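Visitor: What follows is a structure written as structure tokens; I'll ask about it next.
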Amino acid sequence: MRTHNLGFPRIGAGRELKKAVEGYWKGRVSRHALEGEAARLRACHWAMQRDAGIDVVPVGDFALYDHMLDLTLMLGAIPPRFSPSGAAASPAGTGQDIDLMFRMARGEAGLSPVAPLEMTKWFDTNYHYLVPELDADTAFAPDASPLVAQLREAQDAGFTPKAVLPGPLTWLWLARSVDGSDRFALLPALCDAYATLLRELTSACPPACPRGYSSGGLMVQLDEPVLALDLPQTVRDLFPAVYTRLRAAVPDATLMVASYFAPCADNLPVALNLPVDVLHLDLVRGRDDLDAALQVLGAGEGTPGLALSLGVVDGRNVWCADIDAAVNLVRRAADSLGEDRVWVAPSCSLLHCPVDLGSERELDPEVARWLAFARQKCAEVRLVAEVVRGVYGPSTAASLEANREVRRQRAVSPRIHDPAVASRLAAVTSDMEHRTSPYAERIVAQRAALHLPTLPTTTIGSFPQTPDIRAARRALRDGSLTQDAYEAAMRDALAMMVREQEALGLDVLVHGEPERNDMVEYFGGLLQGFCITSDGWVQSYGTRCVKPPLLYGDVSRPEPMTVAWSAYARSLTARPMKAMLTGPVTIACWSFVRDDISRETVLRQLALALRDEVADLESAGLAVVQVDEPALREGLPLRRAAQEAYLDAAVRAFRLATSGVADATQLHTHMCYCDFHDIIDRIAGMDADVISLEASRSRMELLDVFATHGYPNEVGPGVYDIHSPRVPSVDEMEALLLRAAAVLPVDRLWVNPDCGLKTREWPETRAALANMVEAARRVRARLDA
């Protein structure tokens, strides 16, 4: 029995990677220094895993921006616009072209601007990947040299590595056809490209993982989380031929297919018969897969000698594992198959967890005992394996007993349960989940109150967090700035943001959120039942890192959280001022949520706390209140069987939070990049007066679903991408607005950026918003002509 890990956080315990990459972008860090810091982090992370008890460490999970983008580059699937010549670029033989990589990720400004690749959520997580673009003429130019170099780094340093790549069917499933062609028509060529990559890996790296199954060569982990989806039979049927082709290309390699995030369920028979050596199953989110797999393999069916990797430590949450429960699962497999056919692992890549609990110095000691970050999860994997083996010393016995005691203490802690919250939940009635009047009546009252033009302009909420704002926040934390002085600095920043918006000519203003470090962490610091880490960072996309709060107990609102800031902003302008809150679903999705009660109960607790805040904002004179739910779609379970219950709980929680206001108060919500086709009826059921959406990278394609389904309320499709520093032209945004106006009634359209502007700089923000306002003016004039 061996231990391994599917992936490790790449950002560094102190966000060293973020700082190095952003320094490179700004010209303060050389390429040599950037590559040196990346190599140092890789070595540090491999050592952390090995020292915690991981036998085989992942290589290829590290990326300067995104692992899907790295694979796209290794495949040579470069869209023509990223090549100076206009022809498809090929990095073959040159190693990783990091400037090309960053251009694909961020786009390029200048005289010949280039739009970046589209970005969207990685399955149901808060990680974002860059979507490969394909067309009928896409040709592959495979080059594994970047990954070969990393494997050699690991081997030279004495680690036992396994190469990690997204699998071919997952990569193709997640790609986007830009010309309407069938992307699966490229599968034969893609298989050839993968075969070339695998041959390059195995020929360049000596055997590193002998283990007596069917081969003893380099171990390669091919991630196929699409096996956790409700796949069409046509796609499911592709797996055997694809993996037969890959096995033939590298007969001596140790191939592992890894599925995670949900049960394999009806895809399990296909997975168990693939010509590979190891199959990884997520037993945290798909526990029933183990019984089904053991039944098949125990009957002598499936791939002969197939080993199972059992993901028994939760790779997506931070609570200590139930070691006894994990041991029972692994022991059942070992008893059925033999220990030599069982691997122990986290459920998925630890990319979604903070790096090291040891970095926390100020965390509440009681809550800290309940936690395990990535480094500690590797130790939990080792502990499970040692207990199952049954031969261990006093240290392992002590660790096992400590785990049991922590779980006992957490279950009875008075920090967890608040009787007042339970009583209030019990008093909720169904009428609290519905607005007083239907939208058709509300919009009349709102238009009379707000006096807005056709195509009103606004922003999503946040404005650039300048060095002065960040410095003030740091000074408050370290005690060198008093609370009064900090609040004065934030009021000054807020007033400046209001003046900027008035000068730009925006119709509905926001206060800009200078006081907020993060849209979820901020509220986690003010709600009872949460605690905040100092270094619990996880990667959201590229260099964007977030610090999810820890939701450990019953949730309530001790006092108003945002009212003073929004009310002050309202006092500075005669224009409508929009208040911003983060919705219950997003707070839950972007926090590390307790695992001892149902998610529905957590959502309703959050909704009641936010309901109080919405009511106080309305009482303070805020006529527009936005409750953001960018995570609603990403939280959707991957399997259809679980989706209805989730959506019902999510929509009811949103309505519970927002339905206590008068007809004239306009409720907005905001959502990020996602596929709305399968949930559009539920989005309509949220009954927000206005929904703003990320739409620019998809060229307004997502509006088609709103038109097809007759979405009844108002929509603000984003007209420019805030994830790139590029400033789009007036013509570009005008074209997008005209496209939107051709799909939806113009009297129900708003004009806004894709998302908040927190991560941008002021010069590009001013320029882009000025162009946006001018684009709206032009379209109004054209429509009035």
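Here the Cβ of each residue, glycine as well, is placed from N, Cα and C on the backbone.
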Visitor: Which residue of Lys26, Lys121, Lys578 does Swiss-Prot report at the same 5-methyltetrahydropteroyltri-L-glutamate site as Arg15, Glu16, Leu17, Lys18, Arg544, Cys545, Trp590, Glu634?
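Guide: Candidate in the recorded 5-methyltetrahydropteroyltri-L-glutamate site: Lys121.
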Visitor: Of the candidates Glu405, Glu513, Glu515, which one does Swiss-Prot list alongside Ile460, Gly461, Ser462, Asp628 as binding L-methionine?
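Guide: Within the candidate list, Swiss-Prot flags Glu513.
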Visitor: Taking Arg15, Glu16, Leu17, Lys18, Lys121, Arg544, Cys545, Trp590, Glu634 as the record's 5-methyltetrahydropteroyltri-L-glutamate-binding set, what's the max Cα pairwise distance in Å, rounded to a whole number?
Guide: 28
Visitor: By Cβ count within 10 Å, point out the most packed of the recorded positions listed: Lys121, His670, His723.
Guide: His670
Visitor: Could you check which of these binding-site residues, Arg15, Lys121, Cys755, sit within 10 Å of Ser462 (L-methionine binding site), going Cα to Cα?
Guide: Cys755
Visitor: Restricting to the binding-site residues Arg15, Cys545, Cys755, which ones have a CA within 10 Å of the CA of Gly461 (L-methionine binding site)?
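Guide: So far as Cα distances go, the binding-site residues lying within 10 Å of Gly461 (L-methionine binding site) are Cys755.
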Visitor: Judged by the number of other CB atoms within 10 angstroms, which among Cys545, Cys755 is the least packed of the binding-site residues?
Guide: Cys545
Visitor: Measuring Cα to Cα, how many Å separate Lys121 (5-methyltetrahydropteroyltri-L-glutamate binding site) from Cys672 (Zn(2+) binding site)?
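Guide: Approximately 9 Å lies between the Cα of Lys121 (5-methyltetrahydropteroyltri-L-glutamate binding site) and that of Cys672 (Zn(2+) binding site).
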Visitor: Fewest neighbouring Cβ atoms within 10 Å: which of the binding-site residues Leu17, Ile460?
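Guide: Among the binding-site residues Leu17, Ile460, the lowest count of other Cβ atoms within 10 Å belongs to Leu17.
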Visitor: Select the closest residue to Leu17 (5-methyltetrahydropteroyltri-L-glutamate binding site) from the following recorded positions, measuring between CA atoms: Glu513, His723, Cys755.
Guide: His723
Visitor: Are any of Arg15, Ile460, Glu513, Cys545, Glu634 (the binding-site residues) within 10 Å of Cys755 (Zn(2+) binding site) when you go C-alpha to C-alpha, and if so which?
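Guide: So the list is Ile460.
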Visitor: Going by C-alpha distance, which of the recorded positions Cys545, Glu634, His670, Cys672, His723 is nearest to Asp628 (L-methionine binding site)?
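Guide: Closest recorded candidate to Asp628 (L-methionine binding site) by Cα: His670.
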